[in-house]
Each structure stands twice: as C-alpha cells, then as structure tokens.
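Sequence annotations record features per position, and here Swiss-Prot assigns ATP binding site to Gly170, Asp171, Arg172, Gln173, Thr174, Gly175, Lys176, Thr177. For Ser363, the entry in Swiss-Prot reads site 'Required for activity'.
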Amino acid sequence: MVSIRPDEISAILKQQIEDYDKSVSVSNVGSVLTVGDGIARVYGLQQAMAGELLEFEDGTEGIALNLEDDNVGAVLMGEGLGIQEGSTVKATGKIASVPVGEAMLGRVVNSLGRAIDGKGEIATSETRLIESMAPGIIQRKSVHEPMQTGITAIDAMIPVGRGQRELIIGDRQTGKTAIAIDTILNQKDQDMICVYVAVGQKAASVANVVEVLRERGALDYSVIVAANASEPAALQYLAPYTGASIAEYFMYKGKATLVIYDDLSKQAAAYRQMSLLLRRPPGREAYPGDVFYCHSRLLERAAKLSDAMGKGSMTALPIIETQAGDVSAYIPTNVISITDGQIFLSSDLFNSGLRPAINVGISVSRVGGAAQTKAIKKIAGTLKLELAQFAELAAFSQFASDLDASTQQQLERGKRLRELLKQPQFSPLILAEQVAIVYAGVKGLIDAVPVDKVVDFSRELREYLKSNKPEFITEIQEKKLMSPEAEAILKDAISEVVSTLVASAA
C-alpha cells in the first residue's frame, strides 16, 4: 500500500503556487480559409489593422491588406508551402519594419532587411518602419547642393541636386541602370551613402552590379536591396520602401543619401498582381486605383532636410521602363508627374552609337538648376539649346540639297558637341574635366578637329590637363568657379591638344 506523505504534498503545492504566473496574454488568432498564388484568406482576425504583420503556423509572415466583413486578405512574404486550410494565424500587433544602421553598408539584403550575401547576419540594434511619414514642408529646405552624376550630358544640361527626385526613363536595353551605377561610382569620396534597390530583376544581373561596385570600391558606402524575379510579389512590392527606410536612417543622421529604384515598373506590376488576386477592382491598364499613391508616398520621402533637422538629404533616382518609347502610358505619366524632372533615354540614339543615349529635347530637371555649380552653369547655358536645334536641323537637312554657310556650320558644331558628350560606361568624370570638355565644344574651339577624332580629343585633353596643368583641375574642384586665369590656362591647353590632333590627322 502506498503511504501518503502530507509534507511532500504541501511542498509540491507551495512550489506550484510560487511558480504560478498571473499574467494573461491575449492574442488575436484566426484560421486560414484559402491559400494560393501568394494570397491567404483568413477568418477570425476581427481586430486586425491594415498593414499589420501576421504570423502563420509554419513561420511564414504575411501582411493584412484587405479588411473585409467576414475575412482578411493577406499577402504572403514567403513561399507559404506549409500553410494549409484551417491552420492558425496570429496577428502580431506590429507593422513591418527593417533593421537599419552602419552595419548595413557593403551588404546585400532582401526586402525584409535580412542578409542574402552569405556573409552572416547583420548586427544592428535599430529598426525602422518600412512605411514612414515623409518630411513636412517646415522640415524641408529647397534643393541647393549639386549631386554630381559624373556624366557630362546630365551634369551640364539636366543637373540633379541633393534631395531631388529625378526619373530615368526609357525602353529596355537603353542604359538606364548604367547611368544609375555610374552615379553611385561617382559618389566615392563625396561622403554620400548609396542604396540600390533591384526589383524583379534576374539574380545574375544583381550579382553583376554587386561585382562592379566591389571592384571599384563603391560597395563600402552602398547597400543593395534585392527582390529578384523569382521572389513573391509582396517582397517585390516592399523592396523600394525597405530601401527608402535604410536611406532615411542615414538622412536623419545628417548624411547625404542616394536611392536608386530599379525599377518601379516592376514594382507596379507586382502591386497589380497582388491587388487583382485580392479581388480589388482594376482600373486603367488593370492597375488598382491607388497605384499613384503607391509611388507618390515612396518618392515624397526623398527630401533635403532643413538645418534644424540636421541638413541630411535623400536623392531618389527612380527608373521606369517604357514600351516602344511610350511615355504617355499610365505608370510613366504617373511617375513623371511625381518627380522633379526626367532623363529620357532613346533606343534610336542608343542604336546610333550615342552613349549615354539621352534625348535632350524631352529631358528636363525642374529644380536642379538652382543646385548646379557656377563653373559649369556659366558655360553650359547654351548647350541644351544648341543640341536641340542641331537635332531639328539634322532632320531638316536630310531633305535639303544645298544649305547656307551658317546652317552648315551649326550642323558641323552640333555633330562635334554630340561626340563630345559620348562617355564609356563606368568612367564618371570629375567637375573640372566636364567643364573643360563643354567649354571646348560650346566656344567652337574644336571646329577644326575632324568629327571622328572628337572622342580622342576629349580623352587627350583630360590627360593633358592632369599631367601638364594640374592647377586648373585644383582650382575648379576647390572653388567651383572659372576664373579668367583658369580660362586662359584652359584655352592654351585646348589649342595645344587641337593642334596636335589636327597635325596627326593631316
């Protein structure tokens, strides 16, 4: 017979009472009705908030987007292969946020800020909401500092300032990403943090960009956010907001930042896919009604902050891909109306050998003029007009048999100006080099150089200035002004290089 020991029973009871936890946890739990195509319908989440993070039974995360009478429509931020009908879903009470901090520099992350470059976890202590409010009017300052891209055609004719939103738009394979990467490379030693967001691209293309930045020492001040083509639509939709949040962290610390969204057409397509699967009513081109708001709330986060806010800035270079040069389609017109100007790349110019293939006639920078450095502003004033007139005359001259001398001269100069602005990929130029090249073309100092030698002239002039006239480069780089002395040095250098080239051509 088992003997009952009262002291043992009382000891167990005391232990149980001591260990008793009075805290009551309340969780908002529902169950999956249907799942498929990256969308889950959940029943029972009565208290769910719009945009709230949901946690599924298999660990997959989702975002509540549609709050309906009897169910919640959620998008999955993962494959969700372990989610079944009837499995439980828990509302976390949190909005999606990403880790931010200095440790992100040099890393490749996904849309949730998790490392995907095989270098281990990123040690950050701070997080930031993926969706956050854009700075208000009082917190901003007008754009007044230049953001040099290193591409002569842009810095001379379509200048971009820190805090500006400048759209890069064009057909596929016209060099849109090349301009963005060159801009990142040109920020070396400029104390600027760059964030490159790749949306819906091939993993090989992203790996190529990372390798280019690493080889040229630009990865040290850059963060890559990648949502590849194979990833769920929800992650492709979130990637630009993640990039903006990472850049915002540095902006509010007083740093200058640059964010490239490559490209927002694919983000809009991902958002359209999600919206249609959630049974939201389609609008023009089957995009949902709030696709404009989707882009405007992202691009409004770019700003030049006031002195009281720390003087930081976020410059945004969104990229949009057009179909057969149609800039009047829905998404291109939306983003053109949101941004402060656009750089239009033409496939015809690209195929004719003009790289970068910028169509000067319809490219514009609405606020960048105030930020342009005086040195280049003074000499490049007529450049855009001359090139636009040249394009018009060139089209007209195809039908005219005999042209007067002034028209002929304008055509010849236009050809040389166009050649001067050619620039190979991954070779951004410093301000002094741009000033020298544009000055030579606009002032007509290379009219004697054969058209096929203009690219050689450009290269040799830069080499001559570096080796023989370093004082010119130093003065322009430091003072950002062209003094009469510097102009005299430049004229001598140009005539020296021109005479050498003309002699060799003869």
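Note that Cβ sites are derived from N, Cα and C of the backbone, with glycine treated the same way.
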List, in sequence order, the residues of the same chain other than Gly170, Asp171, Arg172, Gln173, Thr174, Gly175, Lys176, Thr177 whose Cβ lies within 8 Å of the centroid of the Cβ atoms of the recorded ATP site.
Glu321, Leu345, Ser347, Phe350
Which three-state DSSP class does Thr177 (ATP binding site) fall into?
helix
Look at the binding-site residues Gly170, Gly175 and tell me which residue has the greatest number of other C-beta atoms within 10 angstroms of its C-beta.
Gly170
Would you mind checking how many other C-beta atoms are within 10 angstroms of the C-beta on Arg172 (ATP binding site)?
11
Whole-number Å only: compute the distance from the Cα of Arg172 (ATP binding site) to the Cα of Ser363 (site 'Required for activity').
17
Could you list the residues of the same chain, at least six apart in sequence, whose Cβ is under 8 A from the Cβ of Thr177 (ATP binding site)?
Ser205, Val209, Asp262, Ile319
Quick note, Gln173 (ATP binding site) and Ser363 (site 'Required for activity'): C-alpha atoms separated, nearest Å, by 18
For Ser363 (site 'Required for activity'), write down the residues of its own chain that are at least 6 apart in sequence and whose Cβ falls under 8 Å from its Cβ; none is a fine answer.
Met157, Ile158, Gly341, Gln342, Ile343, Phe344
What are the non-local neighbours of Lys176 (ATP binding site), defined as same-chain residues 6+ apart in sequence with CB under 8 A from its CB?
Ile168, Ile169, Gly170, Asp262, Asp263, Ile319, Glu321, Leu345
Give me the long-range Cβ neighbours of Asp171 (ATP binding site): same chain, 6+ apart, Cβ under 8 Å, in sequence order.
Glu321, Thr322, Gln323, Ala324, Gly325, Leu345, Ser347
If you count other C-beta atoms within 10 angstroms, which of the binding-site residues Gln173, Thr174 is the most crowded?
Thr174
Mapped onto three states, the DSSP assignment of Asp171 (ATP binding site) reads coil
